[in-house]
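K.L.:
This is the feature table in TrEMBL:
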- 7-135: domain 'EamA' (DOMAIN)
- 32-53: transmembrane segment (TRANSMEM)
- 65-83: transmembrane segment (TRANSMEM)
- 95-112: transmembrane segment (TRANSMEM)
- 121-140: transmembrane segment (TRANSMEM)
- 146-167: transmembrane segment (TRANSMEM)
- 149-276: domain 'EamA' (DOMAIN)
- 174-194: transmembrane segment (TRANSMEM)
- 206-227: transmembrane segment (TRANSMEM)
- 260-279: transmembrane segment (TRANSMEM)
- 324-342: transmembrane segment (TRANSMEM)
Amino acid sequence: MCERQRGLGQALLASFLISVCSVVVKSCQVPIGQATFLSGLVVACCSFPVALYRSEDLFPSGHRLRLLLFSVLNSIMVLSDYQAMRLMPLGDEAVMAYTSIIFTVLLARIFLGEPCSREKLLCSFCIVVGVALISSPAVANLAYPHYGLGCVLTLLGALCDASSYIFIKELSAVPCSVILISCGTASMIITGPLSLIEEWTIPKELISLTTITLLTFFHDLFIILALRAEEAGLVSLVQATDIVFSYIWELTFFEEPYTFLRVFGAGLVISAVCLAALVERSPPVSLLECKELPVFIKQTDRKLRYEFGLRAEMFKWLHLRDRVLPLVSYSASVFMSLYPYVKIY
């Protein structure tokens, strides 16, 4: 198995693990602060022997501030997502968590100077529409009286996730074990007061706590390894399967009711996420900005320049067509599989 295939497999496995972890968090009675604190403790303890064996610097010079900010943002994201899982259906929480793409595009444009293409704007608009359909009052489930608070916490987690993306791009030279130790330590410091205030439930919820901590550790490990082996766009595309897993768990364990607006909004978000990943992965084809293009073509009349630009756009969309068509068929199959469970009100 080549390195790229291994990276995609790790991303898929990470999505499956976090979806199973969400089921455990939602169904057990473990306080959120306590679960997050112990997860950070296990992550730090499991990573420390590796860093010690490899004699890695736990405080790498030139990356300390980025590492600190990334760890704090990651801890807030986990805490917000865990709490949101209990305040709203798993599928809705997983879908709304992918609004981080919108924040990532905006923050990357502001702080990194990355271009914001029309395709990214279109994907962001589709995600906003999909989230609006899912979180609309007509769709809200009466079994979740704090559904609105769950939406706010999910969006907060998505914002922290997008912000951490700005820093993790600068941490490619930092060893994986050092990043995990930093994340675990920050999680313990942030959630330590919460775990002391809440009721201690280790004797009666030991199995649930152990499952949550192990799933969190392996999820973080596989995600970091996948980002080292494969492009971030394709990893986010594979991670979108977390939405499918979440809806499967809802149908299997929680028997959540579905409406047409929920399914349509979820399909819109999934399609936008996948299209954003494919656009990010596609090679640049702007012929007029290519350095290898002869200078005399740039200096020709407007009609010829327009023709070259039009051909470049056509080539780009033809390049994406072979990737988008399988995506459309996949989304249609997922929608048809959920259609028997849809209740139209």
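Cβ atoms are placed via backbone N, Cα and C, with glycine included.
Keep in mind that what you see is a predicted model, and the values were worked out from it rather than measured.
Help me picture these features in the structure, burial and contacts included.
P.N.:
Per-class residue totals from DSSP over the domain 'EamA' (7-135), listed helix then strand then coil: 105 helix, 0 strand, 24 coil.
If you look at the transmembrane segment (32-53), the same-chain residues 6 or more away from its ends with a CB under 8 A from one of its CBs are 25, 75, 78-79, 82-83, 86, 175-178, 180-181, 183-188, 190-195, 197-198, 200-201, 209, 212-214, 216-217, 220.
Counting only same-chain residues 6+ beyond the ends of the transmembrane segment (65-83), those with a CB under 8 A from a CB of the stretch are 25, 32-33, 35-36, 39-40, 93, 97, 150, 153-154, 156-158, 160-161, 163-164, 167-168, 170-171, 174, 178-179, 182-183, 185-187, 190-191, 216.
Averaged over the domain 'EamA' (149-276), the predicted model reaches a pLDDT of 78.
Sequence-distant contacts of the transmembrane segment (174-194) (same chain, six or more residues past either end, CB-CB distance under 8 Å): 31-34, 36-37, 39-48, 50-51, 54, 56-58, 60, 63, 67-68, 70-72, 74-76, 78-79, 217, 220-221, 224-225, 228.
Within its own chain, the transmembrane segment (206-227) has Cβ neighbours under 8 Å at 7-8, 10-11, 13-14, 17-18, 20-21, 24-25, 28-30, 34-35, 38-39, 41-43, 46, 78, 168, 176, 179-180, 183, 235, 238-239, counting only residues six or more beyond its boundaries.
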K.L.:
Under DSSP, the domain 'EamA' (149-276) has how many residues in helix, strand and coil?
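P.N.:
DSSP composition of the domain 'EamA' (149-276): 105 helix, 1 strand, 22 coil.
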K.L.:
What else in the chain is close to the transmembrane segment (146-167), if you only count residues 6 or more beyond its ends and a Cβ gap under 8 Å?
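P.N.:
Distal contacts: 66-67, 69-70, 73-74, 76-78, 80-81, 83-84, 86-88, 92-93, 96-104, 106-108, 111-112, 135, 140, 232.
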